[in-house]
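S.K.: Mind having a look at this structure? Questions to follow.
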């Protein structure tokens, strides 16, 4: 019964997982009673688990080997374990392999003492016939095995989920390719190849077929292709666009279109394109086209009977027309025109005339002219061959392009590189234009070619009598006494005027209001003075940093002898290897209302010494910044 269930399960499965045991070695004693012992292997397939549990259920299936002897030959020759499945193979799975002692004939797996070894692992396996080899080393065992998974018959795809079984019956007519796609047999179509393909001429709308190549018309339609509608029964001279209609043709009337209303339309007696006119009951007249005659215009007349060809030309009769074959020296419809010869000078503009064998002539034109008589002048400049505004000159056999300034070439197609002569000086960057160029100057230079050194003080005048100095960062203003700011636009001292003393005694209400107003004014003045003081301190700091930096740059830009004289023992500056306090007095000696604020400045120029020591450039004279005391005029 178990074998029958396994066979039925294989038939219903979409794929099979197979595992083959190659060898098993263990240091553990398997047999307890005698040496001839037996074992079997069982596998459990489960969904992927991070921590694999050996407890059931085996969600993907389970299988085991027969009971075999516990020797290498018996194990290696044992049949593979097959686990059929009937779902889409997910690719990733958990695998448990157990080796059990089969010494006892009872239920082996009920007694955990019979468990010899257990392997739990997580693997990923794609559909395919190739075997994947693997080996497991336990604490006291070694297991070598291989496994693969493949689709069962009639199942295809990456997960064995596509079913395709060839058939040729009422449910379908198809075969299957290697990927499981249905291939319809000849004469069938549709998703399941159950729709017959009718004949090529059969109307898809008005016809159908029950077998390939047939065409059966639906009601109201007829013909080999089922595209002819069936007229109303008894309709004689009528047509239909839909079944059971009777649309009378021209000249016919009545319910069945059997009444003659127009002889010309119904019988068409006039021939050769003549116009028919009804004249009464069954009567008509025909208006013939030129060249035809007779009651029904059935007779063709000969246009050559009137001898239309002149000057000995021969006439050829045509349908409703004629043609003349002219003798040499004549041409035209009726040979009425005398042909010109080279003696008549028909070629213009220097063309050469050549007589032809038929009595005519041919003009060979010079290069600048064309036409049958060289009467048309060729204009080689009409297609505008000169580019970029160039002027075209037609020289007869060739053209000449007169280019605009900045362009060259046969068709003025080349823009002359105005930067080729390197016009930009002082490391300026040149950008080419049309008959021009543009220089992007480096810092400190201006002009068309960057040849003029820029004067920063020219566009940045100092106010209130300040003196401007040019620095590589821009203009710097040295302000006179009493002014400060980047352009010496701020004054250092505020001006106050004492209020006049009142001569009269105010009232108590007036005094209270005056006190309140005075307090408010004092608060506002204090706030304004604080803001102005803060702004002055920031401005003085900027002036101080700028002045010190300029002094350092001045020293670095001096020559060797000048720098020695400037930094010598008797010079204005000295160099020391220690931090010094750099001070400068800007306040007049003995002026009340000012206080000196010493400023510490350490200036380093490491690039001037090869040993990269920190040098300090210090002024011999002390430096201090003058601060105005509030409420005191200088």
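Backbone N, Cα and C define each Cβ position, glycine as well.
As annotated in TrEMBL:
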DISULFID  151-160  disulfide bond
DISULFID  164-176  disulfide bond
DISULFID  184-193  disulfide bond
DISULFID  288-297  disulfide bond
DISULFID  326-335  disulfide bond
DISULFID  365-374  disulfide bond
DISULFID  403-412  disulfide bond
DISULFID  441-450  disulfide bond
DISULFID  479-488  disulfide bond
DOMAIN    149-193  domain 'DSL'
DOMAIN    260-298  domain 'EGF-like'
DOMAIN    300-336  domain 'EGF-like'
DOMAIN    338-375  domain 'EGF-like'
DOMAIN    377-413  domain 'EGF-like'
DOMAIN    415-451  domain 'EGF-like'
DOMAIN    453-489  domain 'EGF-like'
TRANSMEM  511-531  transmembrane segment
S.K.: Give me the CA-CA distance between residue 326 (disulfide bond) and residue 374 (disulfide bond), in Å, as a whole number.
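M.R.: Distance (Cα to Cα, whole Å): 26 Å.
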S.K.: Which residue among the disulfide-bonded residues 176, 365, 441 has the fewest other Cβ atoms within 10 Å of its Cβ, if you could check?
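M.R.: Relative to the other disulfide-bonded residues in 176, 365, 441, 176 has the fewest Cβ atoms within 10 Å.
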S.K.: Over the span of the domain 'EGF-like' (377-413), how high is the average pLDDT in this prediction?
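M.R.: Per the prediction, mean pLDDT sits at 87 for the domain 'EGF-like' (377-413).
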S.K.: What residues elsewhere in the chain lie close to the domain 'EGF-like' (260-298), defined as a C-beta under 8 angstroms and at least 6 residues from its ends?
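M.R.: Residues 237, 249-253, 319-321.
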S.K.: Among all the protein chains here, how many other CB atoms are within 10 A of the CB of residue 488 (disulfide bond)?
M.R.: 22
S.K.: Rounded to the nearest angstrom, how far is the Cα of residue 164 (disulfide bond) from the Cα of residue 151 (disulfide bond)?
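M.R.: Per the Cα atoms, residue 151 (disulfide bond) and residue 164 (disulfide bond) stand 12 Å apart.
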S.K.: From the Cα of residue 365 (disulfide bond) across to the Cα of residue 488 (disulfide bond), what is the distance in angstrom?
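M.R.: Their Cα atoms are separated by 88 Å.
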S.K.: Out of 160, 412, which of the disulfide-bonded residues has the smallest number of neighbouring Cβ atoms within 10 Å?
M.R.: 412
S.K.: Can you check what DSSP calls residue 176 (disulfide bond), collapsed to helix, strand or coil?
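M.R.: The three-state answer is strand.
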S.K.: With DSSP, how much of the domain 'EGF-like' (453-489) is helix, how much strand and how much coil, in residues?
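M.R.: Computed counts for the domain 'EGF-like' (453-489) are 0 helix, 13 strand, 24 coil.
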S.K.: Indicate whether residue 193 (disulfide bond) is helix, strand or coil by DSSP.
M.R.: coil
S.K.: Rank aside, I only need the closest one: which of the disulfide-bonded residues 160, 193, 365, 374, 403 has its C-alpha nearest to that of residue 297 (disulfide bond)?
M.R.: 374
S.K.: Which has the fewest other Cβ atoms within 10 Å: 184, 288, the disulfide-bonded residues listed?
M.R.: 184
S.K.: At the Cα level, what's the spacing in Å between residue 441 (disulfide bond) and residue 479 (disulfide bond), rounded?
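M.R.: On Cα coordinates alone, these residues lie 31 Å apart.
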S.K.: In angstrom units, rounded to an integer, how far apart are the Cα atoms of residue 164 (disulfide bond) and residue 335 (disulfide bond)?
M.R.: 85
S.K.: List the helix, strand and coil residue totals of the domain 'EGF-like' (338-375) as derived from DSSP.
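M.R.: Looking at the domain 'EGF-like' (338-375) with DSSP, the answer is 3 helix, 11 strand, 24 coil.
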